[in-house]
Amino acid sequence: MGTPNNTAGGEENGVMMKVVAGPGGYILQDVPHLTDYIPDLPTHPNPLRSNPAYSVVKQYFVHMDDTVPQKVVVHKDSPRGIHFRRAGPRQKVYFKSDDVSACIVTCGGLCPGLNTVIREIVHSLDYMYGVNKVLGIDGGYRGFYSKNTIRLTPKTVNDIHKRGGTILGTSRGGHDTSKIVDSIQDRGINQVYIIGGDGTQKGAAAIYKEVRRRGLKVAVAGIPKTIDNDIPVIDRSFGFDTAVEEAQRAINAAHVEAESAENGIGVVKLMGRYCGFIAQYATLASRDVDCCLIPESPFYLEGKGGLFEFVEKCLKENGHMVIVIAEGAGQELLAESGHANDEQDASGNKLLQDVGLWISQKIKDYFAKQRKMAITLKYIDPTYMIRAIPSNASDNVYCTLLAQSAVHGAMAGYTGFTSGLVHGRHTYIPFNRIIETQNKVVITDRMWARLLSSTNQPSFLGPNAIVEAKKEEAPETQLLDDDGANSGNGDTGNHKIEARDT
């Protein structure tokens, strides 16, 4: 299991995580293993030794001491910092191929790439390890105890990656840990692959804990799925690239509409309940966007430096403009105007008001009543069109590697882990690191500054708010650290940043 120095097991967020300390400030946040609670488990040679596909590979297996650093930009005197176990096949496996009975479940909202992950788990189990007993759980977590299962074979899943959605069906909520583990036990399942976002991974962590409490030889592996890219630690979540690419169609349509009309305004609402990564990256990729509004960066409408003033400036200078707004942006303004909503969905997410419709009407009212100026505004919401498409080439490759890494980890006896990409390397990450916080855009980061310079929009922050923003706790990691080429990981602190009318 590696070469631990000062190994300790920690209970964090109710999920076991092994911490291994080494010289130079090295810390390995390791994932659990079946042998942690079932000693003396027999091992078996990895079937990949005789797999023709691997016959030309120089090094079949990942070294047991291989780890991946969470932070890659360091100073010469910096401690080595936190590391995660590198994903990949091991020399020994803890399951005989004929004894494996695996299941796959998809939970939460739709996302491009779900079917690709399902396909590749099935193909990896069969083609790499000779496992032919794989069940699909129908309809999310509640499918474990209230619906039928679907037999999955390489033949039945061969073409599903060309379709959007999930062939297994999905749902929110329905998590009953005891019933789910009873079903796993009754069906003789010993590998569970769970595909879903942070709420789903919390459920996976609960399943792992109950499996461990009962002393069952069951590997629980997660594959992180969130189209919003709001899962921490990992570089990005699958489906994100596809969503950014597809969002270009809506932005381009909005730009054509706006440019073709006198004082034309195109408003596009994109996904992003708590974070604005899709809006941010779609804006940077498009170059047709004049203003991007995200949940992390508050804005205000009226007064000097407000949104209305900027819209009017763009119309006078260019004759048209395009606004991209994330669904979670401006919710505090809706609440102030009496549009508050305290309802939640089955996953516990707050049901948001349609900020796109609201801001479109506000802009129309401002120019009609206050400025007496004729405008033509078109509002586009491509949310469900984006969620329902198949994944693009980049995401297809990513989904394949995530699925293969999860299968390698489960066969090697690891459990209670999520497969994820950290600085371009596939790793096994403890559940608690995935569910402890949400990934958010850091507005004091260079990537957000690049967007502001690309759109030439104001930050909508007054001097006091800028000072507060700079006090925010910096994220532990970003894809390129200070460059923030994908995301800041971790909460952005407890200070509330507010827009200021200056």
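Any Cβ shown, glycine's included, is placed from N, Cα and C.
As annotated by TrEMBL, active site, proton acceptor applies to Asp228. The ATP binding site annotation in TrEMBL covers Gly109, Arg172, Gly173, Gly197, Asp198, Gly199, Thr200. Taken from TrEMBL, the feature Mg(2+) binding site applies to Asp198. The substrate binding site annotation in TrEMBL covers Thr226, Ile227, Asp228, Met271, Gly272, Arg273, Glu327, Tyr384, Met385, Ile386, Arg387. For 493-502, the entry in TrEMBL reads compositional bias 'Basic and acidic residues'. Feature annotation from TrEMBL assigns domain 'Phosphofructokinase' to 103-408. As annotated by TrEMBL, region 'Disordered' applies to 471-502. The site 'Important for substrate specificity' annotation in TrEMBL covers Gly199.
Positions of TrEMBL features highlighted on the structure.
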residue: Gly109; record: ATP binding site; Cβ contacts under 8 Å, 6 or more apart: Thr170, Arg172, Gly197, Ile227, Arg387
residue: Thr200; record: ATP binding site; Cβ contacts under 8 Å, 6 or more apart: Cys107, Gly108, Tyr141, Ile194, Gly222, Lys225
residue: Thr226; record: substrate binding site; Cβ contacts under 8 Å, 6 or more apart: Gly108, Cys111, Gly197, Asp198, Ser237, Gly239
residue: Asp228; record: active site, proton acceptor; Cβ contacts under 8 Å, 6 or more apart: Ser237, Phe240, Met271, Gly272, Arg273, Tyr274, Cys275, Phe277, Ile278
residue: Glu327; record: substrate binding site; Cβ contacts under 8 Å, 6 or more apart: Lys269, Leu270, Met271, Gly272, Arg273, Leu352, Asp354, Val355, Gly356, Thr383
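Cα-Cα distance from Gly173 (ATP binding site) to Met385 (substrate binding site): 23 Å (rounded to the nearest whole number). Between the CA atoms of Gly199 (ATP binding site) and Met385 (substrate binding site) there is a gap of 23 Å, rounded to the nearest whole number. Of all Cβ atoms in the shown protein chains, 14 besides its own fall within 10 Å of the Cβ of Met385 (substrate binding site). Over the domain 'Phosphofructokinase' (103-408) the predicted model carries a mean pLDDT of 93. For the binding-site residues Gly197, Gly272, the largest tally of other C-beta atoms within 10 A is found at Gly272.
For the binding-site residues given as Gly173, Gly199, the lowest number of other CB atoms within 10 Å of the residue's CB is seen at Gly173.
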